[in-house]
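Okay, so here's the structure we're looking at.
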Amino acid sequence: MVEAGTRDPLESALLDSRYLVQAKIASGGTSTVYRGLDVRLDRPVALKVMDSRYAGDEQFLTRFRLEARAVARLNNRALVAVYDQGKDGRHPFLVMELIEGGTLRELLIERGPMPPHAVVAVLRPVLGGLAAAHRAGLVHRDVKPENILISDDGDVKLADFGLVRAVAAASITSTGVILGTAAYLSPEQVRDGNADPRSDVYSVGVLVYELLTGHTPFTGDSALSIAYQRLDADVPRASAVIDGVPPQFDELVACATARNPADRYADAIAMGADLEAIAEELALPEFRVPAPRNSAQHRSAALYRSRITQQGQLGAKPVHHPTRQLTRQPGDCSEPASGSEPEHEPITGQFAGIAIEEFIWARQHARRMVLVWVSVVLAITGLVASAAWTIGSNLSGLL
């Protein structure tokens, strides 16, 4: 995903009259992720806003809703929670748990290859989350470092379940296009687009190889050439690249990435059991996975805080920035027929009739005033208590 460099036109918009778009985190080919706020519950959220070209695609929207509901029913701490889904104007969106931290990709860029005990610390929650999904009949289809999030508290969570399937269902998606990320696709996904739990297992096997060596097993001039190499070649042993990799990890990768799905672990449950046996055999220590320091999420949070601070220092209500620009004169458009509805509902920048940036300013101002009055009350209470204690002591002396 590509990090934002300039202010995004959706920032400060209120999606579905509920979700405030605060700051862009990153964007990719089909969507953009923002940090946001559920103004109804006053809860931070992550907003994945799909590209506007999907807004009128009923096949995509139907699959998008189904996948969101299926993932929302899963209750596993290793999966990024899905709170809501909807469409506002030309923007289908997904509301998810906001993970304050970064991605496994960013951690690999910062620190490079991992030792075996750190690899196990990453894989345990990833396989645990996948196991919960596989039990429910769900397949991820795009397991990769970009979809594995690490919180500042050390939690590892898997994100983006079902999005590949939703995009595949879109009528605008060309037939025969390989969906997913080439470096992590299983041979059957490349060959005919089919996927089952063993396809996720293959992707995890590639991930293990990358965590141990610092790079994926296949390289090429294009995504297509990288994808097709796995049809005729096995994933090499990590120990041939990095000295000291235990043979048990070579065996784990080999079993997970067998070209024939029948020769792989049946699902994440089976692979997770083998991982635990290896960790016990090697007596690997526990490890807390660190979040990347210089992540897109951290930069987005810092940017948003700086904007709020600057607005507060100005001592005036912030000016509302509209998310749309008038591109034609009012007379250029004929009046809509009676009873007709617009093709798309507009994205509103207001909450309860108030410009959303003014709403934020007022909410923060109210909080500051509450803190001031609480301080005053506490100070008066302290003085009264002190006086009462002094008077009581003097009376005791007199008596």
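Glycine is treated like the rest: Cβ placed from N, Cα and C.
Following the DSSP three-state reduction, the secondary structure of THR32 (phosphothreonine) is strand. Cβ environment of THR32 (phosphothreonine): ASP8, LEU10, LYS24, ALA26, LYS48, VAL49 lie under 8 Å away, each six or more residues apart in the same chain. Annotation source Swiss-Prot lists phosphothreonine at THR32 (among others).
Neighbour count (other Cβ atoms within 10 Å of the Cβ, all protein chains): 12 for THR62 (phosphothreonine). Marked as phosphothreonine by Swiss-Prot on the basis of experimental evidence: THR62 (among others).
Every protein chain considered, the tally of other Cβ atoms within 10 Å of the Cβ of ASP142 (active site, proton acceptor) stands at 25. Residues or ranges marked as active site, proton acceptor by Swiss-Prot: ASP142.
The phosphothreonine annotation in Swiss-Prot covers THR173 (among others).
The annotation phosphothreonine is assigned in Swiss-Prot to THR175 (among others) on the grounds of experimental evidence.
Among the features that Swiss-Prot reports, region 'Disordered' is placed at 312-346.
Sequence annotations record features per position, and here Swiss-Prot assigns phosphothreonine to THR323 (among others) based on experimental evidence.
Among the features that Swiss-Prot reports, topological domain 'Extracellular' is placed at 390-399, with the record citing sequence analysis.
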